[in-house]
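Listed in TrEMBL:
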- GLU5, ASP25, ILE27, ASP28: Mg(2+) binding site (BINDING)
Amino acid sequence: SFIGEESVAAGEASILTDNPTWIIDPIDGTTNFVHRFPFVAVSIGFVVNKKIEFGIVYSCVEDKMYTARKGKGAFCNGQKLQVSGQEDITKSLLVTELGSNRDPEAIKIILSNMERLLSIPIHG
């Protein structure tokens with residue numbers, strides 16, 4: 001099976017089944033792309049039985065290829081990635097994206113979530 005982000009964004013229905021499925025976003029960061037903001041990627045995932053098996057993200061501007069496989073770790077241009085180990089959220093950097101849904105109910109939820117996040121003494 002195949003699920004394309006651009007098709008879903010255009011309103012096409014997609015149902016994730018147990019079948020092996022490719023999930024592809026050919027322009028991940030469409031808003032960035034449209035506004036010529038240079039952070040765009042090609043994102044590909046492969047799912048079997050509704051569980052992710054591997055993913056690939058190619059950051060075009062940075063020329064970086066991120067790969068990950070279930071049980072095998074994550075890599076950037078072939079070098080293994082590690083999480084920081086930081087456990088104190090006050091020493092973390094908050095990076096968020098608000099999405100494109102401008103439905104009043106969605107906006108309420110987004111703002112409520114942001115309010116909760118911004119009440120934590122974090123950086124960003």
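Glycine residues also receive a Cβ, built from the backbone N, Cα and C atoms like all the rest.
Automatic prediction, not curation, is the source of TrEMBL annotations.
Bear in mind that the values here come from a model prediction, so they are computed numbers and not experimental data.
Distribution of TrEMBL features across the structure.
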residue	record	CB count, 10 Å
GLU5	Mg(2+) binding site	16
ASP25	Mg(2+) binding site	19
ILE27	Mg(2+) binding site	16
ASP28	Mg(2+) binding site	19
